[in-house]
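Chemist: Take a look at the following structure, please.
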Amino acid sequence: MFALVLAVVILPLWTTANKSYVTPTPATRSIGHMSALLREYSDRNMSLKLEAFYPTGFDEELIKSLHWGNDRKHVFLVIVKVNPTTHEGDVGLVIFPKYLLSPYHFKAEHRAPFPAGRFGFLSHPVTPDVSFFDSSFAPYLTTQHLVAFTTFPPNPLVWHLERAETAATAERPFGVSLLPARPTVPKNTILEHKAHFATWDALARHTFFSAEAIITNSTLRIHVPLFGSVWPIRYWATGSVLLTSDSGRVEVNIGVGFMSSLISLSSGPPIELIVVPHTVKLNAVTSDTTWFQLNPPGPDPGPSYRVYLLGRGLDMNFSKHATVDICAYPEESLDYRYHLSMAHTEALRMTTKADQHDINEESYYHIAARIATSIFALSEMGRTTEYFLLDEIVDVQYQLKFLNYILMRIGAGAHPNTISGTSDLIFADPSQLHDELSLLFGQVKPANVDYFISYDEARDQLKTAYALSRGQDHVNALSLARRVIMSIYKGLLVKQNLNATERQALFFASMILLNFREGLENSSRVLDGRTTLLLMTSMCTAAHATQAALNIQEGLAYLNPSKHMFTIPNVYSPCMGSLRTDLTEEIHVMNLLSAIPTRPGLNEVLHTQLDESEIFDAAFKTMMIFTTWTAKDLHILHTHVPEVFTCQDAAARNGEYVLILPAVQGHSYVITRNKPQRGLVYSLADVDVYNPISVVYLSRDTCVSEHGVIETVALPHPDNLKECLYCGSVFLRYLTTGAIMDIIIIDSKDTERQLAAMGNSTIPPFNPDMHGDDSKAVLLFPNGTVVTLLGFERRQAIRMSGQYLGASLGGAFLAVVGFGIIGWMLCGNSRLREYNKIPLT
């Protein structure tokens, strides 16, 4: 086992022209020989890796043997890796200019030496004259590059990468632009100096503000590339973004014409994507002994930028095709929407192959690079046009938060509690915007809290609240999110699909109510989450799942990233926020396949591009998106339904539950096809034995298993009662094949009346006439009672025994006869007959 010992010797080389060489030891010969080879390159920065044997200490004679004649320009850095037992190991020589010993400090100018919008006036960001005593030089003294490993591929011939077909050209220097086109500043408009919320109208209309801050507030910084493998870069910084988790990290530094994106993953080595103006050449730190200086790996410069990719030196698992793709990203477009659209597409496709413990390495690097490039593109677009829009800032902030969560949880396999992200962009102050937004929400009048004007307005407000939230949301934002979800739920009871605006509003409402970090002990927030999960699961009926899957397939089939932006909120479905994991079962996949012909355009695209097996595979993967999104998010489950994890129950963690339904606090219904280990267990009858359905009522305080009996009774009709008798109960429809079809929460008296209407119900799952004989239904009560739903009694009858009923009827009959005789005697035929006296004797 090697121990790492770093011995750094820094010596100026002095003239020893009249002094003889000392007889070298084996180590001296090796080092002296290599120093002689490098003598002629004394004006250049070089580094060298060599094998050698050497004594345990460095004495004066050894140091003197390293002289270079009259050369006074260089110093040696000797880095030693030694085995303490054999005293054998490696020596690395790193040679630096002597003038680095003279401290030199950059003087930051008051403003960047170039105006906005002028690429030709960009300051050269690369500097070779970094002070040896500057803190940015430390990585070069302790670098592992060329000592423990190499950051670059060993063969420089493969460093040159082909320019991708999607990269910018002279005819398209800024790449593609999406529709609608970016708004331009109207004439005579006075630009605000910074982004801020004055009124809610700022969201509905385009609000412009100046990009002058990029010029006046940028600061001069020095960037040390990955492992000190490239000489330092000086640039004017305009912002940074940091995305972290326990298994991944993305660090983005943005400057004027500059970007560095360091992307690392616990399961693989890091990479760094560097973007500089097209005239800039970076110098790699290499062991090369040729006359010319090598540039880091990357394609040829484009019309505006040059891209370099560092890392993955000895790792051949990262394909060259993927490398070329990533290098093309910064030049594909300066429209930030394009890169975010591609990130959403990759994220959606990643969920089709994800498991809760998987790491999707290639997707992780692609999405992270897209996120970084989108920030760079927005910064450069604002600088070149000299303005930004408020909705661009809100859009980017929400995208960073959402994509970071998906990137780390699904891409890196991170624990959700460890996921965090911060942004420090010079052209936007999230803290200030958050305070202004809170002020606007605080001005909402109580009379207006019970409704919202439109889904468009609600979407914009919730999007901004989600984007600028700092862990705790304003009470009125939470109230708006609840109302949006309930309104959409009521609408989906009678229809199967949502329009794009409704999907977007639902997405932001659910994100606000389900994803929060602070206030976990707040019972009202947990209750919000349980209610949201129950409503989302209720909206995810079998019919809606089919339509939602068709929406996703259409979104991907018609995807044209060079024209229109694609985002996950545009195709969001309640199924993505539900706790159903059964939608990949055969019946649901087949329902999707049978529904494809109802959308002729999609049907034509699929059958033109795919064969039958590929179409089936695509349908299966589409349904998998629903099961991966929330149902396997252990953070959400632990936070909102902790009772499924008590008693050391690993069923939820292992994905054994096909459905989870939060009931009253501390209790939940779960459906499983395995033998339950605890809870009140109801086994549904007349179900395929190979696909059984066990409904289990779990309590956080109960660790034993008990079998329950499903009651089969006609339930009282709710029209006879003013109160909602069945509110809080869940209607469950299933097939005798074992397939779960619909789960609907009875939320109000109106929904209860629809349930009791049976064959006259306008809610399709409630109407038995719309389903076959193999369709069955049960009602799950909040207290753990399960009843087979046969029908409802119109009026409540008085229960009496048979003997009592017979005696009552007999007595009534005799009374009627008696009263009839008396009446007949008193009143019968008095007008037709005369009364005769009884004769006397």
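The first residue you see is number 1, and the count goes up from there.
Cβ coordinates come from backbone N, Cα and C, glycine included.
Since we're looking at a predicted model, the values are computed, not measured.
Swiss-Prot lists these features:
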{"type": "SIGNAL", "residues": "1-17", "note": "signal peptide"}
{"type": "TOPO_DOM", "residues": "18-802", "note": "topological domain 'Virion surface'"}
{"type": "CARBOHYD", "residues": "N18", "note": "N-linked glycosylation site"}
{"type": "CARBOHYD", "residues": "N45", "note": "N-linked glycosylation site"}
{"type": "CARBOHYD", "residues": "N217", "note": "N-linked glycosylation site"}
{"type": "REGION", "residues": "246-309", "note": "region 'Interaction with gL'"}
{"type": "CARBOHYD", "residues": "N317", "note": "N-linked glycosylation site"}
{"type": "CARBOHYD", "residues": "N499", "note": "N-linked glycosylation site"}
{"type": "CARBOHYD", "residues": "N522", "note": "N-linked glycosylation site"}
{"type": "CARBOHYD", "residues": "N760", "note": "N-linked glycosylation site"}
{"type": "CARBOHYD", "residues": "N783", "note": "N-linked glycosylation site"}
{"type": "TRANSMEM", "residues": "803-823", "note": "transmembrane segment"}
{"type": "TOPO_DOM", "residues": "824-841", "note": "topological domain 'Intravirion'"}
Chemist: Under a criterion of Cβ-Cβ distance under 8 Å and sequence separation of at least 6, what residues of the same chain contact N783 (N-linked glycosylation site)?
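Modeler: Residues satisfying the criterion: V664.
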Chemist: When you measure from the Cβ of N217 (N-linked glycosylation site), which residues in the chain that are at least 6 apart have a Cβ under 8 Å away?
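Modeler: Counting only residues 6 or more apart in sequence, the Cβ neighbours of N217 (N-linked glycosylation site) under 8 Å are I426.
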Chemist: Taking the Cβ of N760 (N-linked glycosylation site) as the reference point, list residues of the same chain whose Cβ is under 8 angstroms away and which are at least six residues distant in sequence.
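Modeler: In sequence order, N767 meet the Cβ cut-off.
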Chemist: Per DSSP, to which secondary structure element type does N760 (N-linked glycosylation site) belong, with helix, strand and coil as the options?
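Modeler: Note: N760 (N-linked glycosylation site) is helical by DSSP.
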Chemist: Roughly how many angstrom lie between the C-alpha atoms of N522 (N-linked glycosylation site) and N499 (N-linked glycosylation site)?
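Modeler: With the alpha carbons as reference points, the distance is 34 Å.
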Chemist: State the mean pLDDT for the region 'Interaction with gL' (246-309).
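Modeler: On average, pLDDT over the region 'Interaction with gL' (246-309) sits at 86.
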Chemist: Applying a 10 Å Cβ distance cut-off over all chains shown, what neighbour count does N499 (N-linked glycosylation site) have?
Modeler: 9
Chemist: Starting from the Cβ of N522 (N-linked glycosylation site), draw a 10 Å sphere and report how many other Cβ atoms land inside it.
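Modeler: So the number of other Cβ atoms within 10 Å of N522 (N-linked glycosylation site) is 12.
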Chemist: When the region 'Interaction with gL' (246-309) is classified with DSSP, how many of its residues are helical, how many are strand and how many are coil?
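Modeler: The composition, in the requested order, is 0 helix, 34 strand, 30 coil.
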